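Trainee: Have a look at this one.
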Amino acid sequence: GFVAGLGLALASSAFIGGSFVLKKKGLLRLCGRARAGQGGHAYLREWLWWAGLLCMGVGEAANFAAYAFAPATLVTPLGALSVLVSAVLSSIFLNEQLNVHGKIGCILSILGSTVMVIHAPQEEEVSSLESMAEKLKDPGFIVFAVCVLVSSLLLIFVAGPRYGQSNVLVYVLVCSAIGSLSVSCVKGLGIALKELFSGKPVLKEPLGWVLLVCLVICISIQINYLNKALDIFSTSVVTPIYYVLFTTAVMMCSAILFKEWQHMVLDNIIGSISGFLTIVSGIFLLHAFRDMPFTPSLLPLFLQPGRAEPHPPWSSADRHQSCQHQPLLPSEDKGSQSAEEEE
């Protein structure tokens, strides 16, 4: 299960990272038509957008299967690789800058994901829809789900019309909050598929159909508002912030629903938190300094190409005089000072 979940999560990151670039490329080809950021749906006529949607569908399907084989806190941190794929492909096909800070951020994201996978908490065993139904009835999860729904409605109908065009967090928060609920639906449907393949009458259980309907609604909302965020803001901004907020929301939802953190030892708790903070630091470097040019002229003199010596040669002393041989005062000031002394 671990190997299958790991491989599916890696494939999911590759497809999802490429889907961001394809969809952004399709949105850029609208050429003055009603854009998604303005409430239009002209992107439905672009084949590149549909190719990106197909890649995202394949990635989400692989992600769906990965959640069925492995814990959510093992699969979700590997989503950082989709940020790396999106950043690299954006620099190639969208001419978006990926400087030294971005490359360091990519390395930190990989290291943080590795640490989180090593110290990932083991979720409580849920092997049937009956046990999943008991988890969903937990008061803590009910409170969490209500808070997510209320905050999403406020973001959509109150904050969206006012700040959606200027603040990237509005639409990305909607996608992240709803995404945490979609992961719970995916886990439940994965359990239902396992029971179906084992010969149990799962199709007669109403919980499976409820989870399927909820998953379709959640994914539709995520696609809609992710399109708006991608149309208004840069891919290198939307993708990292979406990853950080989505991972945080999924970790909170999994901890509340499956009680993952109750049986962890201290070193695994510290490792998981440290790995996640490392990923956040890498994501910050990846997008915060994306517009800052980093040229060889910004390096120290001894690291700049073509400068083998740290200091200028002594033969050029006539052009670059040492501070020890320069007069303390300019000639005019020195003449005025001597005149004052004579007086």
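Glycine is no exception: its Cβ is also placed from the backbone N, Cα and C atoms.
Dumping what TrEMBL says about this protein:
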type	residues	note
TRANSMEM	47-67	transmembrane segment
TRANSMEM	74-94	transmembrane segment
TRANSMEM	100-120	transmembrane segment
TRANSMEM	141-162	transmembrane segment
TRANSMEM	168-186	transmembrane segment
TRANSMEM	207-226	transmembrane segment
TRANSMEM	232-257	transmembrane segment
TRANSMEM	269-289	transmembrane segment
REGION	308-343	region 'Disordered'
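In the displayed structure, how are the listed features positioned relative to their neighbours?
Mentor: Below 8 angstroms of C-beta separation, residues 6, 71, 73-74, 77-78, 80-81, 83-84, 87-88, 236, 267-272, 274-290, 292, 294 of the same chain, each at least six residues beyond the ends of the transmembrane segment (100-120), sit close to that stretch.
Sequence-distant contacts of the transmembrane segment (269-289), counting only residues of its own chain at least 6 positions beyond either end whose CB sits under 8 Å from a CB of the stretch, comprise 73, 77, 80, 83, 87, 99, 101-102, 104-121, 236-237, 239-241, 243-244, 247, 251, 261.
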Trainee: Could you check whether the transmembrane segment (74-94) and the transmembrane segment (207-226) come into contact, where contact means at least 3 Cβ pairs under 8 Å with the two residues of each pair 6 or more apart in sequence?
Mentor: no
Trainee: Please identify the stretch among 141-162, 168-186, 232-257 with the greatest number of Cβ pairs below 8 Å relative to the transmembrane segment (207-226).
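Mentor: Ranking 141-162, 168-186, 232-257 by Cβ pairs under 8 Å to the transmembrane segment (207-226) puts 168-186 first.
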